[in-house]
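A quick write-up on the structure given underneath.
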Amino acid sequence: MKPNWMNLLGDWNPQLLREFKGRLKTRNLILSTAISLLGQFVVFMYFQTQLPTKTNLLYNYSHRYCTGKSLYDAKKCLGDEFGNVIINWQLWSLDAFTLLSIIGCFTLLVAGTYLLISDLANEERHDTLNFIRLSPQSPHSILWGKMLGVPILLYAAVLVAVPLHLWLGLVANIPLMMILSFYAIAIAASLFYYSGALLFGLVGSWLGSFQAWLGSSAVLGFLMFTKQAIVPDVSANTPFVVLRLMNPYYLIPHPEVSSIFAPNNPNFINFHWFGIPLGSVFFITVCFAILVYFIGAYFIWQSLQRCFRDPNATMLSKKQSYLLTTCFTVITLGCANWQKLNVGSYYSSHTIFENLACLLFLNLWLFLYLIAALNPHRQILQDWARYRHIYNYKAGHRSNLIRDLIWGEKSPGTLAIAINAMIAITCLSVFILISGINTGNEIKAFTSLFFCGSLAVIYAVIAQLLLLMKNQHRLFWATGAVGAAIVLPVIILAMLFSNPGNNSFLWLFSVAAPLIALYPSGEYTSTMAPFLAILGHCGILGLLVFQLTRKLRKVGESATKALLVEN
């Protein structure tokens, strides 16, 4: 007879019960607990070996964990009445607490991502995922069951480490509320990254066995990059600070903050959002980071529910994409250096261009996601091209191509991506106009925005053209074509002209065009070069749209009509 809690769990979420039954074996629990305890023991013993000894006291060596006068990066060692070294246990506990926090966060996010993607890949490989789709459970219930159940042994290992982690934090004089706030950050980050892992597991099955390694490596790479490459003093004054919000490492508590409402979090002390000093209060910074995680998770879950119901559906509807672009632009634009804009000064122009370059870089990744999320595949476009008039008639309104391209579920995503580009450009234009920089710099900034928008639409049309192929691996070809369009021009031009100032006109047809427009040099300083480049972008886009329209018409022809034409 099943325990009562299992019956209740099965009634609440059958998928979660299925995952628990498959994983919560006594052997598995003992193994995960043993690994966690072993890891804690290794960390604890490592820091034991770092403690100063009587040798430091005898030879007057300085040490990080001593308590005397500061000597460079260490302190002079002092002894007690028994001849033992007086140790700064607060600093020792803080270092152990920080290392354990880093290991815990990275393990939770990277290993959990791998487990979720690998589990979905196994379900797909054994053809059980379609059976799960046919079950009476809602997609929401199934996906939550996966998220809570698949990494359950990982959760158990992390929970076993909580007592030591909590004890180290309290010994380091970190307030309990700050430690609990960090746990809330870890949970919110797990929700965001695990949601992304589930989505990647659903849409990236064509990658095969490489999928789980790629997904977890991407998470690890992002966490390591944002930890090592983003300089705190610089990123706090640029929109790149949002990347630090996405890494729990930067929200590990420090004892310098005496209470949950006290200032001076070392990683966010200069953080402002639309000029509001959110970084001055640790608790507000944590709440804002959790809000960012939840907003990201919300849009990922919209994609998850669409893709789980219908594997051939686009990840986002066009309406959802407009909301996503608006939220993303507002969040990142708010992280710009609004508080140091001095109207009409050189510093203001430099600050505007620096922040604008960061915003354009962040928007590049947004639009790469939108290209993948909005462009439908061949069969959907074929049905739309053939039966669009019938769909509109059943919906109760006359056929309207523009309305269908803006809001339709099955129409090409090119116009929707162009509208998303206009939304982002409009918000960034407000930032430029408010800054009050001179007319010449405004022209540079607006030209940069134009190149950014045109490149996004060009890449979108290229992807849509490749997705119309009859080839079974068209998704691979579309990904490769967009990647080549981004990377190859830069590589070729860098080999031919190492300095963008030389032949900068050609650089205006690469992904670096917005930066060349912001920081002109060489022949670009003349007005003809950007004007001709704009005409070139319009010409390329026009040819691509013409080719897409022609292919859609050809795809939309009925098989009978195509056969008659051939005969």
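Every residue, even glycine, has its Cβ placed from backbone N, Cα and C.
Annotations in TrEMBL come from automatic prediction, not curation.
Per TrEMBL, the features are as follows:
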type	residues	note
TRANSMEM	28-47	transmembrane segment
TRANSMEM	96-117	transmembrane segment
TRANSMEM	148-168	transmembrane segment
TRANSMEM	174-194	transmembrane segment
TRANSMEM	206-225	transmembrane segment
TRANSMEM	273-301	transmembrane segment
TRANSMEM	322-339	transmembrane segment
TRANSMEM	351-372	transmembrane segment
TRANSMEM	413-434	transmembrane segment
TRANSMEM	446-468	transmembrane segment
TRANSMEM	475-498	transmembrane segment
TRANSMEM	529-548	transmembrane segment
- Message: Which sequence-distant residues neighbour the transmembrane segment (206-225)? Criterion: at least 6 residues beyond either end, Cβ under 8 Å.
- Response: 105-106, 109-111, 113-114, 117-118, 121, 193, 197, 200, 246-247, 249, 473, 475-476
- Message: Counting Cβ pairs closer than 8 Å, which of 28-47, 96-117, 446-468 has the most of them with the transmembrane segment (413-434)?
- Response: 446-468
- Close approaches to the transmembrane segment (446-468) from elsewhere in its chain (Cβ under 8 angstroms; 6 or more beyond its ends): 356, 360, 363-364, 367-368, 370-372, 374-378, 381, 412-414, 417-418, 420-422, 424-425, 428-429, 432, 474-475, 477-478, 481-482, 485-486, 508, 511, 513-515, 517-518, 530, 533-534, 537-538, 540-541, 544-545, 547-548, 551-552, 555
- Note on the structure: Long-range Cβ contacts under 8 Å made by the transmembrane segment (28-47), restricted to residues 6 or more beyond its ends, are 92, 95-96, 99-100, 103, 153-154, 156-158, 160-161, 164
